[in-house]
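Chemist: Annotations for this protein, taken from Swiss-Prot, read as follows:
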type	residues	note
BINDING	Arg168, Trp175, Asp176, Asn212, Arg221, Ser222, Gln223, Arg292, Asp293, Glu294, Gly324, Glu525	substrate binding site
ACT_SITE	Asp326	active site, proton donor/acceptor
ACT_SITE	Glu509	active site, proton donor/acceptor
Amino acid sequence: MLNQKIQNPNPDELMIEVDLCYELDPYELKLDEMIEAEPEPEMIEGLPASDALTPADRYLELFEHVQSAKIFPDSKTFPDCAPKMDPLDILIRYRKVRRHRDFDLRKFVENHFWLPEVYSSEYVSDPQNSLKEHIDQLWPVLTREPQDHIPWSSLLALPQSYIVPGGRFSETYYWDSYFTMLGLAESGREDLLKCMADNFAWMIENYGHIPNGNRTYYLSRSQPPVFALMVELFEEDGVRGARRYLDHLKMEYAFWMDGAESLIPNQAYRHVVRMPDGSLLNRYWDDRDTPRDESWLEDVETAKHSGRPPNEVYRDLRAGAASGWDYSSRWLRDTGRLASIRTTQFIPIDLNAFLFKLESAIANISALKGEKETEALFRQKASARRDAVNRYLWDDENGIYRDYDWRREQLALFSAAAIVPLYVGMANHEQADRLANAVRSRLLTPGGILASEYETGEQWDKPNGWAPLQWMAIQGFKMYGDDLLGDEIARSWLKTVNQFYLEQHKLIEKYHIADGVPREGGGGEYPLQDGFGWTNGVVRRLIGLYGEP
């Protein structure tokens, strides 16, 4: 099931008008004309079978009607609804009654669908609890069980229990989960760690990759590839031995490198770009180029204001979601306009650092298993990637890593993503020292480190600080001997989260940290979410290292 693409349905079959056809971008390699189906989910004993149809695929014009009418304030609500009967029967009924004078779309949806539950709204925190106690008591609230799956819903069944971030996010997310796991380990929840380890391995086995999240509409993309970091955590905490995951790591690597060998310089296919000197680097990608199910109306509106073919904009919006940084000045040609997004034209520093970690992990585990040829091959791949990153993504003049615009052949903006090479051990000590100086002068605040130094209104920019960036910066700088900076970031972040907790009795997705007065972070396509998985995980781990703030 490796590396299968999305099947492109015939527009005539879907009864959708196609007004415009755009030629293939000359930079993008089309390897063949063969249509391949998206991988079908496997059966899980005792649970109804999932399928790969997204709500947009399944409900066609009904889906577009609901999303364009905005009968729910959040575009994610309808894709997360579950049908009360066979979806085909619902679509047939809709087609029969939609033109009736008294047709009420909202009532039709309410009569035919179960609305998604917001579990965390039932939880009321105890103001007397310490931050540590609050987090430990939240794990059961954020846990979902396999039997929670409903037939024909967009939720993909998983074999074991899992943690969700909270709020509108009622499914597990790939890269979020790694940072959540840090806290689970600190809380002694090895039971949940084992469940999540099994779930992610199961997804790789059955989908060929780990999707963005366990929803059908997330199958066409992944997220930052942190499974190698998860495996390292499992090994360190005695949850699972690393050797058992070697094949899974190789499968994930094959997903990210699909098509690489067929590329010529200055050409790209899916996640891979062949650079002018022949080296290989990676970018974020999504196999679909349609509006995202969960942000359908927002994507349509963004494309309208772009002046570009809509399918290009949709692809870049989807690739931005795959990056985990949705959205940020990192992906914008004009930092004031989301419509200028060009995610697929950037070589991201964090993605290539995570893939360096993946290559290194495969080499290290292969060595443990005595597979010398595989070890040598992947050590060479990791070394080649490090060299390519240093050639294209290292700004020697300013002493920082930056993303690289491979279409324009120039360095892009500086952001906190630059700390990931330190976290995975890809930088040398001189680079780490110079980067530390840049972070101190450009990103460090009394509340932690900013996502970027640009104010754009996007959530992964100034004035916001995010838990995963703090963790990777803390550990990354300490790994290279800069305990002073690492400890300063840690204590600043703990102070931010604790001060907000004492006032609001909750942890949230992101924090406004630009001026030393912690408050709710803003920006983005949806209201601020509380819960919150990865904030809980990072803070719980930091409490274990530094004590209660």
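One is the number of the first residue shown, and numbering goes on along the chain from there.
Backbone N, Cα and C atoms are what each Cβ position is placed from, and that goes for glycine too.
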Chemist: In angstrom units, rounded to an integer, how far apart are the Cα atoms of Asp293 (substrate binding site) and Asp326 (active site, proton donor/acceptor)?
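Modeler: A Cα-Cα distance of 15 Å.
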Chemist: May I ask for the distance between Asp326 (active site, proton donor/acceptor) and Asp176 (substrate binding site), taken between their Cα atoms and rounded to an integer number of Å?
Modeler: 13
Chemist: Cα-Cα, whole number of Å: Gly324 (substrate binding site) versus Glu509 (active site, proton donor/acceptor)?
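Modeler: That separation, Cα to Cα, works out to 13 Å.
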Chemist: Report the same-chain neighbours of Asp176 (substrate binding site): residues 6+ apart in sequence with Cβ closer than 8 Å to its Cβ, ordered by sequence.
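Modeler: Listed in sequence order: Pro165, Gly533, Trp534.
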Chemist: Look at each of the binding-site residues, Arg168, Arg221, and point out the one with the fewest other Cβ atoms around it within 10 Å.
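Modeler: Looking at the binding-site residues Arg168, Arg221, the Cβ with the fewest others within 10 Å is that of Arg168.
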Chemist: Least buried of the recorded positions Asp293, Asp326, Glu509, going by other Cβ atoms within 10 Å?
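Modeler: Comparing Cβ neighbours within 10 Å for the recorded positions Asp293, Asp326, Glu509, Asp326 has the fewest.
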Chemist: Helix, strand or coil for Gln223 (substrate binding site)? Use DSSP.
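Modeler: Reduced to three states, the DSSP call for Gln223 (substrate binding site) is coil.
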Chemist: About how far apart, in whole Å, are the alpha carbons (Cα) of Gln223 (substrate binding site) and Glu509 (active site, proton donor/acceptor)?
Modeler: 17
Chemist: How big is the Cα-to-Cα gap, in Å, between Arg168 (substrate binding site) and Glu509 (active site, proton donor/acceptor)?
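Modeler: Counting only the Cα atoms, the answer is 11 Å.
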Chemist: By a simple count, how many Cβ atoms lie within 10 Å of the Cβ of Gln223 (substrate binding site), its own Cβ left out?
Modeler: 24
